[in-house]
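Asks: OK, TrEMBL features for this one:
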- A:12-77: domain 'RNA polymerase sigma-70 region 2' (DOMAIN)
- A:106-157: domain 'RNA polymerase sigma factor 70 region 4 type 2' (DOMAIN)
Amino acid sequence: MSMNRFCEELTALLPRLRRFARGLTRDAADADDLCQQTVERALKARHQWQEGTRLDAWVYRIMRNQWIDEARARTRRSQTFVHEDEGANVGTSGAADAENLVELGNVGRALSRLPDEQREAVVLVLVEGFAYKEAAEIIGVPQGTLTSRLGRGREALMRELGELA
Amino acid sequence: MSVTNEELMAYADGELSAADAARVEAAVAADPALAERIAAERRLRDSLQGHLNPVTEEPVPDSLNAMIAAAAEEDARADRGKVVSLAEARAERARKEAGTAEPRRPFLQRWGSGLAIAASLVVGVALGTQIASNGPIEQRNGKLVASGTLARGLDAKLAATQGETGSLRILTSFESKAGSYCRVFDSRATAGIACKDKSGWVLERTMASSAQQASQYRQAGSAMSELMAAAQDMAKGAPLDAAQERAAKAKDWMR
């Protein structure tokens, strides 16, 4: 019985999940892939979800961990790539990134320049509206760590966006 | 009295206790620099949301909805396997809601006498008290047609994504050999098969719902499977999948 509730709630959550994915990945295609993988994982694990607990925090955590895995795998791949084939292709991907950055606008660019751990903290609290405690649980760090990442992240953003002298 | 940056941030995020928040507010009121800092925090939040919120307005890719619908269908199939215990739960709920057992509807007694009778209860025999101007079923041009919440539920609910809440449950949807869309439903009062035509949802078959089978779970369970068997006989092919069901709904269930 709870399964259908689960599916209904998950469906209702999709627009927000897509927003969080965009905040994490900063790329529409990557965000779509991440969403797809997250929903797959969440559905597979749906019997483990405890009714009465927040589904959104549960799924956000899955998405966040999925993205960390993906980002690590990419780092490994790109290191291998550069190592084995130093040269032209590296420059090409750099140019594509620069192009992306132009399309992002000021805010997107500033967000892109943040270290991943600061960006996820900023997005969870300021965009997704989670309380410190919930955001810390989603990331899996103590609340003090969350608030210090959040503080550094927003400081950097304010500087970049000219909000701070 | 000093206020730290951490406190300002926590204040802007609504994370301070009432006492601490009051202290920050007093400090902010006395210091334009602090006030500007709070305003900058708000502007930052607005810019970030302005940047990312439009994503929530974009259409969600069909593939995501389809994946969830498929999982819901899988669960629904598992639930149908447990129809006996479901019926038990519904009956329990109905008893609680009603407070007392309902004395009317003597036809219910007949359920105890046989299983096969389930699907063969003909429209009109079983309906007795439910045909009323404001009931879930109306008579139009000699046909029995769903009205009110039953009609709205048949229009709106999708088997793949419905929850357990609400009094109407769609068991399956299919296309009949006669060329119309039909749905097997189970509501608090009535279960049956309804097919859509110009006049609305025509009730092809009805029986007392599983919720009415207070003390006869076994029969209720087999009654639903009789209904499903009857649906299978009427159907042109396999039941509609989640996507086909959505498409049929989009066409207002008219072919």
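Placement of Cβ uses the backbone N, Cα and C atoms for every residue, glycine included.
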Asks: When DSSP states are grouped into helix, strand and coil, how many residues of the domain 'RNA polymerase sigma factor 70 region 4 type 2' (A:106-157) land in each?
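Replies: Helix, strand, coil within the domain 'RNA polymerase sigma factor 70 region 4 type 2' (A:106-157): 43 helix, 0 strand, 9 coil.
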Asks: Looking only at the domain 'RNA polymerase sigma-70 region 2' (A:12-77), what are its DSSP counts of helix, strand and coil residues?
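Replies: Secondary-structure breakdown of the domain 'RNA polymerase sigma-70 region 2' (A:12-77): 57 helix, 0 strand, 9 coil.
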Asks: On average, what pLDDT score does this prediction assign to the domain 'RNA polymerase sigma-70 region 2' (A:12-77)?
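Replies: PLDDT averaged over the stretch: 93.
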